[in-house]
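Database features, via Swiss-Prot:
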| type | residues | note |
| --- | --- | --- |
| SITE | ARG18 | site 'Transition state stabilizer' |
| ACT_SITE | TYR23 | active site, proton acceptor |
| BINDING | ASN74, HIS80, ASP87, ILE101, THR102, ARG111 | substrate binding site |
| ACT_SITE | HIS100 | active site, proton donor |
Amino acid sequence: MPSILLINGPNLNLLGTREPHLYGRTTLPQLEDNAKALAAAKGVKLESFHSNHEGRIIDRIHEARGHTDAIIINPGAFTHTSVAIRDALIGVSVPFIEVHITNVHAREEFRHHSYLSDKAAACIIGLGTYGYEAAIEYAAREIISAKEVY
């Protein structure tokens, strides 16, 4: 069965309570359950992973090599700081989609730069938690189905 790894970075465990005017009221467990259900409906297994620690995220990316068809990642604040996560994603050669709940380009200047975007198969920014659904749709349609053709 094709598979997607969903990674959520720092502070995303606070979804539903942290700045709900920006991030909404959906909690991380609700988001993960919804993502798994949508993926299953498309015949795709989705595994979710969250960490507030850069090294643990890197370790999980490394573990995905050879076992995962696509990665969906919301790196949180590591978007703007982590060359190490960038290098891990490049190193495992698994296509990835970068997701952000808010429009990072409409926020503080320091949030405008991403160390991941230029290497991502796609970037989904500012669609709220629907961005995760869009990422699953894209991964299933464009990344996984393309692999099955070849």
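Every residue, even glycine, has its Cβ placed from backbone N, Cα and C.
Mapped onto this structure are the features recorded in Swiss-Prot.
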| residue | record | DSSP class |
| --- | --- | --- |
| ARG18 | site 'Transition state stabilizer' | coil |
| TYR23 | active site, proton acceptor | helix |
| ASN74 | substrate binding site | strand |
| HIS80 | substrate binding site | helix |
| ASP87 | substrate binding site | helix |
| HIS100 | active site, proton donor | strand |
| ARG111 | substrate binding site | helix |
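In this structure, the binding-site residues ASN74, THR102 were compared by how many other Cβ atoms lie within 10 Å of their Cβ, and the smallest count belongs to THR102. Nearest neighbour of ASP87 (substrate binding site) by Cα distance, taken over the recorded positions ARG18, TYR23, HIS100: HIS100. When the recorded positions ARG18, TYR23, HIS100 are ranked by how far their Cα is from the Cα of ASN74 (substrate binding site), HIS100 comes first. For ARG18 (site 'Transition state stabilizer'), the Cβ neighbour count at a 10 Å cut-off comes to 11, with all displayed protein chains included.
Here the C-alpha separation of TYR23 (active site, proton acceptor) and ILE101 (substrate binding site) works out to 6 Å.
Cα-Cα distance from HIS100 (active site, proton donor) to ARG111 (substrate binding site): 11 Å (rounded to the nearest whole number).
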